[in-house]
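Record features, source Swiss-Prot:
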type	residues	note
SIGNAL	1-18	signal peptide
CARBOHYD	Thr28	O-linked glycosylation site
CARBOHYD	Thr72	O-linked glycosylation site
MOD_RES	Phe100	phenylalanine amide
Amino acid sequence: MKLFYLLVICALSLAVMADEKPKLILPTPAPPNLPQLVGGGGGNRKDGFGVSVDAHQKVWTSDNGRHSIGVTPGYSQHLGGPYGNSRPDYRIGAGYSYNFG
């Protein structure tokens, strides 16, 4: 009988402790500034395949968040087909953005 009471007391104490929320609540970290990637391709055996990859990365933002500058590099190439491989096309661009808000 003592064992039964001991088990009941343990079960009740565990049930009470399970309802308590943790006291330590950490703030959610800011998401990292990762680049946006876009890629694509397609084709067939007869005409060859095209491949393209572009990225966009914000490199600077003003303190108030209204002004920002971004960089956009890219690569594309046609592979195979009746005329063979094309030369790779490398490109890079920069852009400025203003938020009217």
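Glycine residues also receive a Cβ, built from the backbone N, Cα and C atoms like all the rest.
All protein chains shown were included, and the count of other CB atoms within 10 Å of the CB of Phe100 (phenylalanine amide) stands at 4. Between Thr28 (O-linked glycosylation site) and Thr72 (O-linked glycosylation site), the C-alpha separation comes to 29 Å. In sequence order, Asp54, Ala55, His56, Gln57, Ile92, Gly93, Ala94, Gly95 are the residues near Thr72 (O-linked glycosylation site), counting only same-chain partners six or more apart with C-beta under 8 A.
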